[in-house]
Amino acid sequence: MKVWFALLALFALTGARDPILVPEVSQHEVDLQQGFTGTELLLFGAVLTPEGSRAAQDYDIIVVLKGPTQSVVLREKQKVAGIWINAASTELRSAPSYYAIASSRPIADIVDDKTAAIYELGLRWLQLSPIGAIDPDEQARFSSGLVDLNRRNGLYREQERGVTVKEQVLYQARIELPSRVPTGMYTAETFAVSKGRVVASASSQVEVRKLGIERAIANFAENYGFAYGLLAVFVSVAMGWLAGRLFALI
Amino acid sequence: MDVYLPIANLSVNGFIIVGLGALTGVLSGMFGVGGGFLTTPLMIFYGIPPTVAAASAASQVTGASVSGVFAHTRRGGVDYQMGAVMVAGGIIGTGLGSLLFTVLEQLGQIDTVINILYVVLLGSIGGLMAKESILSIRAERSGIPIAARKRRHHPMVASLPMRWRFYRSGLYISPLAPLLLGIGTGILTMLMGIGGGFVLVPAMLYILGMSANVVVGTSLFQILFVTMATTMMHALTTHAVDIVLASLLLLGSVSGAQVGAQFAQKASPVKLRLILAIIVLLVAGRMALGLGYRPDEIYTVAPL
């Protein structure tokens with residue numbers, strides 16, 4: 001009821017003709033803990049006319065889930081004197097740690113390249129911000145290398161037709177998070193596109209975090225290195241000793 | 001059984017890791033080596049980040065050597081004086097190794113260096129062991145015993161200044177020699193996540209010329225303390241010790257070590273050495289192929 005009221009109010013205030021997106025994510029917190037082997041997020045919602053009724057036209061929906069960006073060094077192996085070693089590298093200031101995009105049709109059919117580049121719609125259009133002067137060919141080679149690497153890790157995903165739209169109102173997309181998903185604040189963005197123009201967008205947040213004992217261990221290792229090391233040494237000596245004792249009994 | 005590793009940041013099948021630990025444990029029980037030379041590459045192969053693999057393998061070696069040290073202590077097979085000198089060297093070595101690790105990591109060459117070290121070390125030592133055990137098997141068959149090697153330290157060791165008496169090892173040599181040896185294995189332990197037993201034992205026999213009945217016990221003693229120091233060093237610098245991963249490995253390896261020790265009592269030592277040599281050479285060969293073939297993935301990412 002509240003939502004409808006808010007939508008009505010919004011319409012009354014703006015009077016815009018653009019549709020309204022009401023997005024939702026199946027869970028706003030993803031907890032990494034024992035038993036976590038990856039999960040699937042359901043990004044869903046509704047497209048409505050400003051009046052709050054069903055949109056009487058087909059919109060294309062694009063859903064993007066993006067993890068926090070990192071500064072990284074990307075290294076490339078080349079064959080030098082018969083062995084493969086890291087021979088070239090580039091530094092990227094804003095490589096997303098996770099990026100998944102799903103759309104109701106292939107991106108290239110929905111928007112032109114310029115729009116795709118502006119909204120970073122697709123792995124081709126990621127803004128990686130390389131540091132220093134790099135010639136475009138080399139830059140393209142490195143970014144496709146990064147994309148390829150992370151695709152294999154399951155951290156970069158592209159699902160054409162991953163979004164289903166029902167009755168011109170409800171849309172939904174399933175996006176997978178693998179077990180090696182990095183922690184941090186993720187943004188889930190939804191775009192409604194009509195005739196190649198992004199007419200509405202909305203975003204919400206998903207927090208990926210370690211919980212319970214896993215979080216305690218990670219914090220302990222990061223902040224109390226000495227005590228953590230002692231604990232690790234103690235555990236290994238104790239287990240070795242105990243095993244010796246137990247087997248002596250048999 | 002899926003287990004989430006909080007430091008490696010991924011989830012693994014716990015049984016596989018325990019099994020991996022058990023496999024190396026059996027080897028360490030049978031052959032008296034730490035087994036780190038197998039654990040680290042296998043973990044990397046399984047998808048665990050190399051730094052985490054090397055850091056956590058060290059604590060597995062600690063666990064596997066504890067019961068060995070106790071056993072050798074009981075029968076007086078540890079030269080504590082020699083051991084202490086080598087442990088001191090080992091701790092200096094882990095410090096140097098950690099510096100080297102950081103520098104190589106910044107250069108992006110750590111993986112290559114580790115791989116080359118593996119190929120060279122495992123290849124040469126595996127080759128030596130294989131040659132020696134084949135010779136002794138032949139000698140056994142033909143009935144002509146090989147002339148016993150004179151136990152004597154290397155001439156270079158004799159030229160070092162300052163001499164100490166090491167009673168249990170039956171030596172009067174400069175403490176700098178075992179100190180340097182300790183430093184070397186400390187560096188290797190830090191870089192490769194191995195205990196260094198398979199480097200130490202031949203070096204103690206043929207370079208230092210220690211008497212054979214204290215070699216294994218003393219090397220285990222040194223490995224125990226140096227892997228402890230390595231774990232501490234990793235915990236302080238790389239923060240890459242995954243205690244969950246290490247515990248799983250330990251669970252497998254400490255029980256595997258006991259089983260392996262039972263096996264070792266029944267099998268002939270010469271054949272055991274040949275089997276170990278073959279395993280070592282296989283690992284070296286696999287790594288050499290890995291260096292030469294085009295890898296599946298030629299790009300790697302590291303945080304800036």
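Any Cβ shown, glycine's included, is placed from N, Cα and C.
TrEMBL lists B:12-38, B:83-104, B:110-130, B:171-199, B:205-228, B:240-264, B:270-289 with the feature transmembrane segment.
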Practice item. Would you confirm whether the transmembrane segment (B:171-199) and the transmembrane segment (B:12-38) meet the contact rule of 3 or more C-beta pairs below 8 angstroms, pairs 6 or more apart in sequence? Key: yes
Practice item. Quickly jot the same-chain residues contacting the transmembrane segment (B:240-264) by Cβ under 8 Å, restricted to those at least six beyond its ends, or write none. Key: 3-8, 12, 14, 17-32, 35, 39, 43, 48-49, 51-52, 54-60, 63-64, 66-68, 231, 234, 272
Practice item. Check the transmembrane segment (B:83-104) against each of B:12-38, B:110-130, B:270-289 and return whichever range has the most CB pairs under 8 Å. Key: B:110-130
